[in-house]
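Engineer: I'd like to ask you about the structure that follows.
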Amino acid sequence: MLGFLSARQTGLEDPLRLRRAESTRRVLGLELNKDRDVERIHGGGINTLDIEPVEGRYMLSGGSDGVIVLYDLENSSRQSYYTCKAVCSIGRDHPDVHRYSVETVQWYPHDTGMFTSSSFDKTLKVWDTNTLQTADVFNFEETVYSHHMSPVSTKHCLVAVGTRGPKVQLCDLKSGSCSHILQGHRQEILAVSWSPRYDYILATASADSRVKLWDVRRASGCLITLDQHNGKKSQAVESANTAHNGKVNGLCFTSDGLHLLTVGTDNRMRLWNSSNGENTLVNYGKVCNNSKKGLKFTVSCGCSSEFVFVPYGSTIAVYTVYSGEQITMLKGHYKTVDCCVFQSNFQELYSGSRDCNILAWVPSLYEPVPDDDETTTKSQLNPAFEDAWSSSDEEG
């Protein structure tokens, strides 16, 4: 650490390298914070979480009870032990509350004055944060599993919506209507995600075992249907390609948008090149997944080696994205975890579970001390630690 600081001060090292190394160290030290609670409001399981990208201060949660809660994550009391309080909530007595389970909540990417929610009640709602009133409501014929707004687009205000039907619907917030329908899947759409790199690139995952990449400006169908065998097993038409051997119920782009992670009920996670659709063949081992709906997982941002956090039963498994190595299992929930979200400013993780709790995972403030009867040599250290701190640190 001192070597990095000295090199940065003298201009020998790029400041970004120090930041990435420290971010990596903090992610590797994530543990359940016993001094921080998140106020318990939900009477049912937590299905979805989202932290606004403007300040990284406010978090939305949506539950199986139809309730939406807005939390302030900042420690305004400056005390070591504190509770993240609910600023407001859309409870059962609210006139516009969702009638059934809320499956997805998302902040408007450019402003905290608006957020969206979708539910099993077949609606997508657009909310005014200040008044907690609906600004618009989109009604669908089928149950809504997932929706997503582009985190980078300044050219369109399209919300991609996945429902129990096989069609992906694009809702335009400007016009207040469904402007596009993407056809190609054969069963329900369990997850949708816009690329964080390109305005018009959308990924969709379905119960038909397929993942498709779309350029929504094109009228001629999808760009690519991902093939787990990279075209080697069969030279059949692209429509026969499958990404998993079960339902695909989770999607997540890496922060740079160059790769796409998918999870399926075949207990596998796969990493894809998002530009050509190639399966990178990274082996993550068994990733337990028996969810019958969308699984919300997340990736780190700004680390030397990026990490992916995946709900795994009542735990959260942490893997190195590009090597597939399992770093740790975060244990603290009593029931199945359905969602997690990463706070990149402070390298924190928040998770929601069917035990009705939201837990905060924060970097430990101390170095782990080995047992007296153990000797830890450099060769025994986790390779991710070696990536985080270079030899120049030891010399400093």
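Every residue, even glycine, has its Cβ placed from backbone N, Cα and C.
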Engineer: What residue among SER275, SER379, SER392 has an entry for phosphoserine in Swiss-Prot?
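Structural biologist: Going through SER275, SER379, SER392 one by one, Swiss-Prot flags SER392 as phosphoserine.
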Engineer: Considering the residues SER234, SER391, which is the one that Swiss-Prot annotates as phosphoserine?
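Structural biologist: Out of SER234, SER391, Swiss-Prot attaches the phosphoserine annotation to SER391.
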Engineer: Where does Swiss-Prot put phosphoserine, among SER77, SER353, SER390?
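Structural biologist: When Swiss-Prot is consulted, phosphoserine appears for SER390.
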Engineer: Per DSSP, what is the helix/strand/coil residue tally across the repeat 'WD 3' (133-173)?
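Structural biologist: Per DSSP, the residues of the repeat 'WD 3' (133-173) fall into 0 helix, 24 strand, 17 coil.
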Engineer: Which residues of the same chain, at least 6 past either end of the repeat 'WD 5' (235-274), have a Cβ under 8 Å from a Cβ in it?
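Structural biologist: Same-chain contacts beyond the flanks: 190-193, 195-198, 201, 203-207, 209-211, 213, 224-228, 280, 282, 284, 286-291, 293-302, 306, 308, 310, 319, 321-322, 324, 344.
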Engineer: Please tell me whether the repeat 'WD 1' (33-73) and the repeat 'WD 4' (177-216) touch - that is, whether there are at least 3 C-beta pairs under 8 Å between them, with each pair 6 or more apart in sequence.
Structural biologist: no
Engineer: Over the span of the repeat 'WD 6' (281-321), how high is the average pLDDT in this prediction?
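Structural biologist: The answer is 94, the mean pLDDT of the model over that range.
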